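K.L.:
Dumping what TrEMBL says about this protein:
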type	residues	note
TRANSMEM	B:38-59	transmembrane segment
DOMAIN	B:94-309	domain 'ABC transmembrane type-1'
TRANSMEM	B:98-119	transmembrane segment
TRANSMEM	B:131-151	transmembrane segment
TRANSMEM	B:179-202	transmembrane segment
TRANSMEM	B:237-260	transmembrane segment
TRANSMEM	B:286-310	transmembrane segment
Amino acid sequence: MVEHDSSDESVNRRKYLKALTVGAAAGIAGCTGGGGTETESTESGNGNGSGGSTDDTETSGSSSGGSWDSQLEVLHGWAGGDGEAAVTALIEAFEEEHPEMDTNFQAVGASANVNLNATILRRLANNNPMSSFANWPGKNLERYSGALMDLEADVWDAEGFKDTMQARAVELCKFNDQMPAVPIGSHRMNNLFYNTAVFEEAGIDASSLDSVDALLDALEAIDQNTDVTPMAQAMVAPWTNLQLWAQILTSQSGVEAYTNFIEGNPDRAAVVEALEALKTINENYITADASSISFTTAGQKVISGNAATIHQGNWVYGMFRADDSFNYKEQWDWIPFPGTEGIYFYHVDSIVAPSNNPSREETIAWQKFVGTKEAQIAFNNPKGSVPLRTDIDPSELTDFLAMTYEDLTDSEAYPPTIAHGLAVTPKTMGACKTAFGDNFMGPFKVEATADALIAAVSE
Amino acid sequence: MATHDNTEHVSDATDEAVGWESKLRYFLNSDFVRSAPYWGIPFVLMSIAVYGGIGYNFAISFTDYEGLGTPDYSTLDLEMYAQALSSDAFIAAAQNNLVLLVGFTTICLVLGLFLAILLDHGIRFSEKFQTVYLLPMSLSFVVTAQLWLWMFNVESGILNLVVTTLGFNPVDWLGNPSIALGAVIFALIWQFSGYTMVVYLAGLQSIPDDQFEAARVDGASITRTYLRIIVPQLKEASVSAAVVLMVFALKAFTFLYALVGRYRPPNGTDILATLMVRRAFKFGEWAYSAAIATMLLIMALGVIGPYLYYQYKQGSL
C-alpha cells in the first residue's frame, strides 16, 4: 500500500474498476451533494488496524527494528488435518518471537492448493500482492514470473542460510537470478506404506520388495491370499497417477531415464513400460472406488485394513500419526518405493515473497524466521515432512521423520518430483496431468498416454 | 443525475429562447428525470458490475494477455477464438455442454410434467409429495454434489447396492468417461425436476375444472384430454421453466467443482465453464479464457434471446 502506487502505467482490471467506481461515486456524490471520501473505501479492505486513512503518513519513518508498521499477510493452503496443525505451530512460534507484529495468516481452501494458487495468481495479476505465500519453489515459480521479491541479500545472505540449507534446496529457491523463496520442509515421494497385519497374512516380506516386478508379485499374492484390496489409490485427480508413474519409471529404468524425461528427452520405451506396469496395478489391484476418492480416503483404507499398501508422499504419515491405534513399526511400516532404495525423491514446500511487497520489513523478518531451526522443527514434526537445514538434531524429530531426515541428508540421488512443481514448469506439469486425466483414468490407454506425456515434455 | 437547475434567467429572451428553456424545464420535471435517483443508481451499479465486466472480458479476449503482466491492446485479433475452436478440449467441452443443456432440460421438463399431472389428480398426501420433490432444489450444489459423490461411490454407494442386488456388475459411475456425464445429468435432474413440477403444477391448477368436465362429457379419454387440451395450455410454463433450466445447465460449474474440489471435473464431464476457469486460474491464460467466456455468453444469449423474442411477440415485454 505504500510503495507500489505508481509502478505501472497501462490499464489493468483494478484500475478499470477503480475508475468506474470513482466515476460512479462521483456521480452519486454529485447527486446527493455528499463529500468526496468514497474513493478511499476501495482501498480500506487491507488496512492495518491502526486506522484507515492515515496509513501513508504513518509508514514513512519505518526503519527502526522494534516496531512494525504494516500488517504481515501470509496466504497458505494448510486448511485442515496435519497441515493445519503444522502451520498453527509455526505461527505460534513466530508470534512468540515477534509479539508486537500485526499478522494475518490466511488458509485458502484445501484440495492440493487449487484455491490457493488461483487466489495468489488473481491478486498478483491485480497488482494487489500479499506479504508472502506458501508454494512450491523450483520451476513452479514460473507461474509468478516477474512478480517475485529478491530475498537473497536481506534473508539468505543476512542469515547465512546458503550454508545451513541443503544445497539442492538452495538451488530450487533460485529463480531468474533471484531468490524469492525460503524452504520450509521436504516431503519424500518414493514411499510405500503398508499395513503390517495384511502383509503378514499374505506372507510377504517387505524387505524383499526390490523392484516393480517384485511389487506386482506381492500385490498378486495379497489379492490371492487375503480379502484385502492390495493397493489404495486415489484417482479423483490425475496427479496421484502421475507421481506413481514417476516412481515406477525411476524404479524400472533408473534416475537417468526420469531425469531425461523431465529435461525433455524422453525414452518412449521406458515411458510405455512404466505405463504398462501402472495399468496392471490400476486394473487389478486397486480399490474399485478409486475414481471417486481422494488420497485421504485412500489412506483411511490402509488404516482400516481394507487396503494393504499405498504409495503417496509422506504427508500420509501426518495422517497415520493422527490415529492413535495405528502406529509406526506396529500397525504400519514403510519401505522406499520398490526399486528406489538409496534415492530420495525430492519435494519442497517453501514460503515465497512477491515483489511490490506491501510490508517489506515484516516480510523479511518472517522469511528469516521461516528458515530458522526453531521454525523448521515446529512446522515439520506435525506436518510429516522434514527440515531442509543440514544442522538439525534428528532426535528433535519423531522416529519416522528422523529416519527420513537421515535419508534426506545422505542419499545417492535426489530426483525432483514432477507432480509437485519442482521438475517442470506449471504448464508442462498441467499437460502431464492432462495426459493422465484424459487417457488414464480407466480405461487405461497406454499408447495415447505415452504420446501425450512425450508431447508435454518435448514442447 | 442532472439536478442542476438553470437559475440564470435571461431578461431579454426571444420567443425561441423561452421555448428552449421551458422545454428543458419540462424535461427536468418529467417523470423520467424525477424518478432517476430511484432507478438510476441500481442501473449504474448494474452497468458497472455486469456490463462493464462483459465489456472488459470482451476487450481482453482480443489481446494475448497471459500471466502476470498487463494486457497489451496494441494488437487486437481473433487469434484466441481461432485457437479455441481448433482445440479438441474446447470442442469436447462444448459438446458436453450441449448434451447437458439438451438432455438435462428435456428430461427435467418431461419428468416434471409427469409428476405435476400425478399430483394434480389430488392423490393422497399430495402436498407432502410436493415438498419431497421440491426439497432438493433448496439445497446448495455443494451439498448435493457431496451427496451424489457418496451415492455414486463404486464400493459403498447406494446406487451400486441396487445395481448389484439386481445381479449386475457394479458400475463406475463417475470414473467411466462414457457414463460420467450421464451420471452428472442424473444428479442434476434429481435436483431440478421438482422445480419444473412446481411450475407445471401452478399452470395446471390455473386451468379451470370446466375444461376437464367438458372433455369428459364429450367422451375424450384422459390421455387425449391432456395431450390435446391441457398440455398445449402449458406452453408459457414450459418456456419459462426451460429457460431457467438451461441457464442452470450452463452454470453446472458449481456442481462439478464441488464434486471433486478442483477445476478438472471427472473425465468426460468437462464443460466450457470448467475449461475456462482452469485455463484462467491454473495457467493464467487470461485472453484465452476470456475468449471461451465470450463464447459461453453467446451460448447463454442463444438460449435467452429466443425467449425474450417470444415474450416480446406475446406482448409481455
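Glycine residues also receive a Cβ, built from the backbone N, Cα and C atoms like all the rest.
I'd like these features described in context: how deep, what's nearby, how far apart.
P.N.:
Below 8 angstroms of C-beta separation, residues 1, 71, 73, 290, 293-294, 297 of the same chain, each at least six residues beyond the ends of the transmembrane segment (B:38-59), sit close to that stretch.
For the transmembrane segment (B:179-202), the list of distant contacts is 96, 99-100, 103-104, 107-109, 111-113, 115-117, 119-120, 130, 133-137, 139, 144-145, 148, 151-152, 171-173, 234, 237-238, 240-241, 244-245, 248-249, 252, 255-256, 259, 265-269: same-chain residues at least six beyond its ends, Cβ to Cβ under 8 Å.
Non-local neighbours of the transmembrane segment (B:286-310) in the same chain are 54, 57-58, 60-66, 71, 80-81, 83-84, 90, 94, 97, 101, 239-240, 243, 246-247, 250, 272-273, 275-277, 279-280, 317; each lies 6+ residues outside the stretch with a CB under 8 Å from one of its CB atoms.
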K.L.:
Can you name the far-off residues of the same chain, 6+ from the ends of the transmembrane segment (B:131-151), with a Cβ under 8 Å from a Cβ of it?
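P.N.:
Long-range Cβ neighbours of the transmembrane segment (B:131-151): 115, 157-159, 174, 183, 187, 190-195, 197-198, 254-256, 258-259.
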